[in-house]
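Asker: Let me give you the structure first, and then I'll get to my questions.
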2 protein chains.
Amino acid sequence: MSRRGLLFILSGPSGVGKGTVRKALFEKEGNELKYSVSMTTRNMRDGEVDGVDYFFRSREEFERLIEEGKMLEHAEYVGNYYGTPLDYVNQTLDQGYDVFLEIEVQGAMKVKEKVPNGIFIFLTPPDLGELKARIIGRGTDEMSVIEERMEVAKQEIEMMSHYDYAVVNDKIELAVERIEHIIESEHLKVSNVLAHYKEMMKEW
Amino acid sequence: MSRRGLLFILSGPSGVGKGTVRKALFEKEGNELKYSVSMTTRNMRDGEVDGVDYFFRSREEFERLIEEGKMLEHAEYVGNYYGTPLDYVNQTLDQGYDVFLEIEVQGAMKVKEKVPNGIFIFLTPPDLGELKARIIGRGTDEMSVIEERMEVAKQEIEMMSHYDYAVVNDKIELAVERIEHIIESEHLKVSNVLAHYKEMMKEW
């Protein structure tokens, strides 16, 4: 059975703990998900490996890939591009692996335009009061900065309606389990196994 | 949170082990699914309780419910009607419970007509050779009877395309776990939690 892998996208509001949950998911025994390697135009640092930490590319090449529609999503940060190369994702899916992206809400919506059959998981705080506390608790920021972050978080939560699943991040282990069960269930969808059964029927 | 429950329908070809899997699922600790009580026109037997084992009703009332479209599905067997009453299912869902039906493929397709947003799970044999063995192994039936059953099983497997999920019944415990994970994932669907989050947003 060489079925194509599935593309999972984990996203959610800033400060909800996406990175921590993704890390815990990948560290679990038996994890077979492939984390998508990002592409960047920034310089390679000591110890970094091209194709492992990032795909390191020139600004010209990165811009060419954007123009050709070969970046699933991208953003510019401190003068450098960062993004998810479409070809790498497709090759990994073709090899039968599930690919897992952990990205910001804005990026996730761009991915949805290009891969509508991706499975979009929205990580949410246990309650919005909790998220508020996390935003305020980050440091000694001015009230206007906090309010701006609150407004951004509110807008991000409203993006939930574009996602397939909402996973509450009340406890990391529980959030990870929920995501694992979503991944399992998606593989049990008839749309993903029908071709295989039709093949078996021929032999009957 | 008084959310409406979800309707799950477990079905699959004859002899695949639907009843055994359903029983094991319901016997698991923490099970909160409600099994739909069927309605019948046959006489109540000693020890049976109306509304527990079956809803015992007259032929006239059963036929009236069919005419009024108030049976989710029904069949006649040895001169008696058997079926799933729609009102009972709806009331249980309204109370916030998930309802679980375990029925034949023909009945499941009738349920789909009336409740398209039900979650349809197709239980499949590990491989079709295994199903063949189970059909043949049932007793000392004539070859023509076996061939007829094989043809029926083949047609039933082709019905899989109308379902949402396909669960392999390789081991009962594994099949039960897969169904539990499907149930959990369905509850995590954004379509099922969005109203709740919109309510929380108001308080922000």
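One is the number of the first residue shown, and numbering goes on along the chain from there.
Including glycine, each Cβ sits where the backbone N, Cα and C put it.
Sharing the record's features from TrEMBL:
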{"type": "BINDING", "residues": "A:Gly12, A:Pro13, A:Ser14, A:Gly15, A:Val16, A:Gly17, A:Lys18, A:Gly19", "note": "ATP binding site"}
Asker: Can you give me the residues near the recorded ATP site, meaning same chain, not A:Gly12, A:Pro13, A:Ser14, A:Gly15, A:Val16, A:Gly17, A:Lys18, A:Gly19 themselves, Cβ no more than 8 Å from the center of the site's Cβ atoms?
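Answerer: So the extra residues in range turn out to be A:Leu123, A:Asn169.
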Asker: Taking the binding-site residues one at a time (A:Gly12, A:Gly15, A:Gly17, A:Gly19), which has its Cβ surrounded by the most other Cβ atoms within 10 Å?
Answerer: A:Gly12
Asker: Can you tell me whether DSSP puts A:Gly15 (ATP binding site) in helix, strand or coil?
Answerer: coil
Asker: Under 8 Å Cβ-Cβ from A:Lys18 (ATP binding site), six or more apart in the same chain: what's there?
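Answerer: When sequence neighbours closer than 6 are ignored, A:Lys18 (ATP binding site) has A:Leu10, A:Ser11, A:Gly12, A:Glu102, A:Leu123 within Cβ distance under 8 Å.
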Asker: For A:Val16 (ATP binding site), list the number of other Cβ atoms lying within 10 Å of its Cβ atom.
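Answerer: Excluding its own Cβ, A:Val16 (ATP binding site) sees 25 Cβ atoms within 10 Å.
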Asker: Using all protein chains in view, find how many other C-beta atoms are within 10 Å of the C-beta of A:Ser14 (ATP binding site).
Answerer: 15
